[in-house]
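Inspection log for the structure reproduced underneath, given as structure tokens.
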Amino acid sequence: MVMTCSSSRPQHLLFFSFLFFFIPFLSLAQPITVNIDSSIWNFPSNTTCLSPQQSNFSRSLFSNNLNRLVSLIPSRHSNTYNFYNFLVGDQERVEAIGLCNRVLTRVDCLNCISQAAVNLTTTYCPAHREAYVRATKCMFRYSDKPILGKLETSPVLEAAKPNDAAGDKDEFIRLQSELLNRLRQEAAAGGVKRKYAQGSGTGPKPNTTFFAAVQCTPDLSEKDCNNCLNYGFGNATKGRLGLRWFCPSCSFQIETNLRFFLIESEYESDLPRNPRPEQSKRRRILALATFVFIKLCYRKQSSAWMSKNKRRLLIHDWIQKVLSVEQCNVFGSDLNDIIEYIITNIYT
């Protein structure tokens, strides 16, 4: 018996025609996801020496305090919030802040900050009392003046894609701004451990999706975080297919059809709290809280006018003055919890 497939040919042709025409449009509808560790995101470390270079700096007390601060960063108790503040010295005191992108694990974050601090103080800005570095995935800054809780929008680093939006540029900019402002409000409302938000929004054309992430250093107040990001949105280049913008206190990134962040379940989970710390640590925490309470009783009248954020900074300053850096490392994130407890339950 002779078999023929002539009767099935139209169905095959129809099937392959469907694949030929449909698959390209299907691929356009799927946002491209890139490896967050890809070298395409890398840019040279951007450093700014914010004070004049000093002679005989290496023999100064400030230099000794700075070197000690940098050397202690690797031994700092790591956290999943990717933010660290450091303070060394009663006289010639050094204050420092480190912040990482959300995508880094807590171990990689601390390593990034540590390396950035070493590079900044030994290679880029030796013999300076104030400096700032922005690397690809973290930033570090130090100063001889108080910087914790202080809004700082200079210097600025911008990395924009060269391609402008095609079509209705005004609508493109409007929809980008709509997404960024929604995320700004979400990030600013975050707590004292993390001020970060990410998300997506519809673009002006079919099969176009915007992806964005915004971040502030969590020591900022909600108002200052909003102000910082608004400053960035207002001064950054408009209408680009992709843009990264950084300053010391905040940053944001927006891309077109390119998801550059992980979904929430893929991030490293925040470390669970230990409900019953060991007895010796509990005694140290109680002693610290008692000391702060006595101080507050003494100073409460004179500082009653202070805002909650200023009170938090005042308490933090008292704690840092009576504890060594090594002792602060022992408490780790408990310091923030103690401060928040005192603010909420005692110092009101």
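Note: Cβ is positioned from N, Cα and C throughout, glycine not excepted.
Taken verbatim from TrEMBL:
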DOMAIN    44-147  domain 'Gnk2-homologous'
DOMAIN    153-259  domain 'Gnk2-homologous'
SIGNAL    1-29  signal peptide
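Taken through DSSP, the domain 'Gnk2-homologous' (44-147) splits into 37 helix, 27 strand, 40 coil. Within the model, the domain 'Gnk2-homologous' (153-259) carries an average pLDDT of 95.
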